[in-house]
């Protein structure tokens, strides 16, 4: 059997592989494809699926299918052939990396079963089976059926599973099963779960607590934003399982007495790719250093980037690789739609369309709306309130931890119909009954898109995902169609309705400004009160504070700055490379232009196909510099990156000079 096990929806190991060694994507039947309507070639022609006053759900019934070959999107660029060649090279690299992984991943033991019809087939103890029944768990999901037996056997696991597939129970149940047979005369922390965000940690803690409700196993939550003193007191009692974020955990390990990981038996790294993207690489290495080498480690990651592979090599010993979402497909019960905007749609048109959709099609049920910025999410919260829409909650980084948890709880209980969030809510959060997801701002990459839409259509339930699309989202939509095999449906909102909501938003401008000013003043007042309270405490408890030892960190101040600036140095290197390449390209263009009449210079590709590679080369070289590799973390610009912008300015000036003199 291969060292990498791909799981089918039935929970069995996948026998069929595609050309890249992965399971082949499931295609829809030919009959269903032929029955779909064609997209009109006329951009101004009315589209089926418009939301009107009489029938707000007509879009759900008559949406138009976008065929993967002839999708009704902006015309293709001239470098599509180069992109296809690049995709082939990437697939070849993936095959080579998977071949290299054969030596690292252990083969599954003979006789290992990857399917189970019930949780009772997984050899779990009665208290855990009772908890599964109480929580409504009937049949194990593919990742649960594969992971639980291997984890009970003590194997290290490197797994990936589609969002909403029950991954938390897949590692929690074998961990709890192991702890049922612990030595109760020794109080120690035996299990540790690391998560990238506080919200995910709260959810994992709640899930494990529910699974352990009929046992004597204690689970502690250690995250930022909550009381240090309360957490310190809890950790001193040595709870059997700790769910934590890396920073706060290391703070306690270094500064809270009688707290350590010397007896740890199992470590879980949940959302490992997200942990690395958020800059927790050094913290994870420190946690690994503080844990025993003879431990079981379970690593779960949605994407297997080079950084995740390095972490797996550092933390795992002969692991079994489980892939329940090898093709990266969205849930089959999910309907994906787009709302198209011609050109660069202004904020007013987008906000009007959002309110029109939420007021009519998504008024009932629960909907998550994703924004790219905290300001946009908060402004939408104000608009929803002033427009008289059902209650909405917001979730973003400008909120306190208590406020975030309160918003999530309101949304879970149904007290809020809409959750207006940034990507803080895009990964890991399991909220039952989410009917739809709206991408007000399209995500930057396919992986982020899949995580967002994964908040709905969970565990086989039906769901709907709507994305606001313009020219800038064309490449994302092509990736969705090409790499996931999904069908995108066009949803159109009548311009008259959008105009009404846009006019209403304009009339609410003064009210929005007044609320914004009042909130700003309240925030400043709250900050002043906190500073005053802090000063009073320092005066009242001066002797106690002076006697208290200073809190320490596992890195010195210089090392911490160095680790933060490491990415900045990488950015600077790419900046210098960009300047060098663009200087060379500019020089080549100038040489070509000196030999070419002005009206038909090298950058003018119209009517001159042989010169297209010159323009394509310019953009491909710049793109190659800006995008080091798929799966890499986004650029974190530093002051050194100003060199890059200066280089762009110099190249632009040089080009304009030659153009004017040509």
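Placement of Cβ uses the backbone N, Cα and C atoms for every residue, glycine included.
TrEMBL entries are annotated by machine, without manual review.
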Per TrEMBL record, range annotated coiled coil [choices 453-483, 484-514, 515-545]: 515-545
Non-local residues, at least 6 beyond the ends, that sit with Cβ under 8 Å of the coiled coil (515-545): 382, 386
Structural state census, the domain 'DEAD-box RNA helicase Q' (117-145) (DSSP three-state): 17 helix, 0 strand, 12 coil
